[in-house]
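Record features, source Swiss-Prot:
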| type | residues | note |
| --- | --- | --- |
| BINDING | C398, D400, H581, C596 | Zn(2+) binding site |
Amino acid sequence: MTNKANLPSNESIMNTLAPEQKKSKANAQPFSVFVPAAYEDPHVYRQVEELLDQVCQVVSPVWPLKDWIAVNPYAGLSERSFHESRDYLRVFSKCELLPSMDHFSAHYQSGSFAESHIEAALLENSPGKDLSQKKADVLKALQTRLHTGDASKQTMPEKSSLPRIATIADRLSAHGEVDWTEIVKDEIGKHCSAHYDEGQSTWASPWRNLPLYQAWRNKAKIDRGIEILGLTGFRHFVDELPHTVEATIVHLLQRLNIPRALWETFLLAHAFSLPGWSGWTKYQGLQTDPTGTGRMQFDDFRGLLAMSLAYDVAISEAFLFEVNWSSVLDHQSLSLMDSDNDCKSDRKILLRAMEIAYRDDLLAKLPVRELTTDHVADEDFEEPTNLATKPAVQMAFCIDVRSERFRRHLEQVDASVDTLGIAGFFGLPFEYVPLGQSSGDTHAPVLLSPKFALREKSSPCVGDCATSRNDTAEKQVSVRNGKKLWKRLQTSAVGCFSFVETIGLFSGFDLATRLMSPKFRNSLRIKHPSKLHDVEATPLDLDHLVEQGIDLDQQTDLVEGLLNSMGLSDDFAPLVVLCGHGSQTDNNAMAAGLDCGACGGHSGAPNARLAAILLNDRRIQKRLSDRGIEIPAETHVIAAWHNTTTDQIEWLDLDAVPASHQSRIVELQNVADAASHLTREERLPLLNESCTDSLISRASDWSQTRPEWGLAGNASMLIGPRELTRGRSLDGRVFLHSYNQTTDPKGAVLESILTAPMVVAHWINMQYYASTVDPTLFGSGCKTIHNVVGQFGVLSGNGGDLQAGLPNQSLGCGLKMQHLPLRLQTVVVASRESIDRVIAKHANIRNLLQNGWVHMVAIDSGQKYRYHSDGSWVQLRTENTSRAESEWQVVGGTC
């Protein structure tokens, strides 16, 4: 008996598919005119290659655990508008970009936003029109939800049953009793886990050296697992598949009788049915181009599509399950009205209303004045009373939102301290290679490739110092090798049982210590957190930089770029501190996600150490002087490390500090300790703790699923001078990047900030947004059921899709969400003309702003302007920004 699933008209393709179906980017040929020729035909081959590349472009990569960073899951959609992307994704997936009405109702009830913000949101899209009826409809929808449901419920909306274009496994699962979707996920997950294993498994896959598809094909031909579950004849089916990925994909699509106009959409449905493994195989392709030539081979991603398609075809043929694809094409040109169209429209408005409410609150905290060299303030500006005229210390932090609280309290405790904000890799993109290893980790944003390798070395000093440090280096190598040997003994097939019988008792002592004496273990960790992160165990090998072609001139270029990016080219304080940051947790597989994103998910301490060493080099200072940057002889630069879990500062390489600065260091340490205590006190309510010691204990609590909130709550980025925000609480929600337009007449520094740090901040913002709004697709579920797989990722339970996003514990506690899903609001203190030049030059920045992925406000000559999607600027009144939108004074606009 044949099961025919004729798609109803409301499952047709939306008009948003039209651009993708009409034209290919390479040769402007519509996919629907594919001739039924052999795959070997060069013309067909080129079109298939282009088709697969376009599918791959929509998927965002997933980084391994050791380098895990926040990634924008929607990065491949930036050429579309934010709301169009929502409609586009829902054609082939259950993806959701908008929070639920329950979410908006709860925040409206709590006063997070008001009617004026709803009105402003409506006027943004329809200026000058009478929108009173639409506003009344939105308010009615909010009130209805308040009275009919629990407005404190989840942030994400309810899922629909199936997307319009779904996999065969999804459709059969919806019509039958067997969940073939989960079975296929488990089968693919089982194979991918073994194929990419990095040493966790005792027995490695015999086909791990083959490409993913070929390895799967060899295994699937002899694996009876899925046949036992009901898919009979699968081994024979796989044996008859073509040997190459591209040929297999074409063969399987034709076997399903899918019209060529739907190939791309159907492949996207398969990619988004496994977002984790799709992202992981996309990452594998990125690693095929380490030199940045742009010629990457995404063979494994294509292999994953072929594998998923194979299961679909086998299921379709085994159960005689067919889809009437012609009904989809029949309604392809129709304008589809979603069943949730009105609700969706309301949620679009309410999302923007909440963003405007936050923007108003942020801008209200900033002084309204023209930032000039003579600091002429208007009546609304109050100069902080504790601001010193000449700083004794200048301390640079990462732009990470967790630095905002600490910087504020540091300046509050001591007015002679000035803080600056810069990307935490300090402009030094390198691979950090620990002593005794041949390779290391990249300490740079993932958008950049490392320019050189920074190696640790044995100490060149003599006497007891050399003996001590050489011993330390040897111990590091021995400890690493010992851990590997110990792990092999624990997991070996022969020794694992005897290991438990003989050594297990001793492990009980460590278990008892963890449970009964947490304060003792905590004191050991907190006193020297840098040693846990290997940030100053051994000196750095600068001679190796020269061997790689990074001579003094290039080293000078690097630190000159660093100083210019910070806006620190004169008026140096006697003591300059470069403070990297990292997190300190125990038993946390996703620990890298709490470290410095600008350092690729690693500690920023090595970057700070290298930058300090280079800036103290008199030869480099001489070259900087020749370039117009004079570092006084009495200025000394040191490195530090901000522990974001405990909010403590670890001071690095203090043995290199001259005697003239020792007393200053001691004073600064006392100031930092006081600031640490104040910062922890401010964070207490957020983590529901009663004393600051509890926050410190979280760093060593192996049962703690939420050691810190990370970057939860991030909502904006401010690019401007510190005087604009000094003494003002921004609630730890703002990326703060130092910038002074008066020292950047050509706009080069502004361009570098908008094209790099702002993009990284946007990625982080979108990762938190997506994991909050759509945790099923872009989150990673509950930490308590995570299992590390292959040392590179985590599974939720014992199989299925790779978990790609943030866990629930990083976003909220129970029904209370710590992260509020808002798109990034960037505030730039610069002229609109200079910003426009950057936007006009860089299409990716233009896409982010004009397509609604990022919002921007410029503070120009004391006035505030909002960037509009058409490239113009809308002036905002300072006392009531929302109401000012109704005036719509359009200014400028060159794009």
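For all residues, glycine too, the Cβ spot is worked out from N, Cα and C.
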State the count of C-beta atoms found within 10 angstroms of the C-beta of D400 (Zn(2+) binding site), not counting that atom itself.
26
Show, in sequence order, which residues other than C398, D400, H581, C596 on the same chain lie with their Cβ within 8 Å of the centre of the Cβ atoms of the Zn(2+) site.
F397, I399, R402, S403, G424, G580, G582, D595, G597, A598, C599, G604, H642, T644
Cβ-based isolation winner (fewest other Cβ atoms within 10 Å) among the binding-site residues C398, C596:
C596
If you draw a 10 Å sphere on the Cβ of H581 (Zn(2+) binding site), how many other Cβ atoms land inside?
26
For D400 (Zn(2+) binding site): DSSP state (helix, strand, coil):
coil
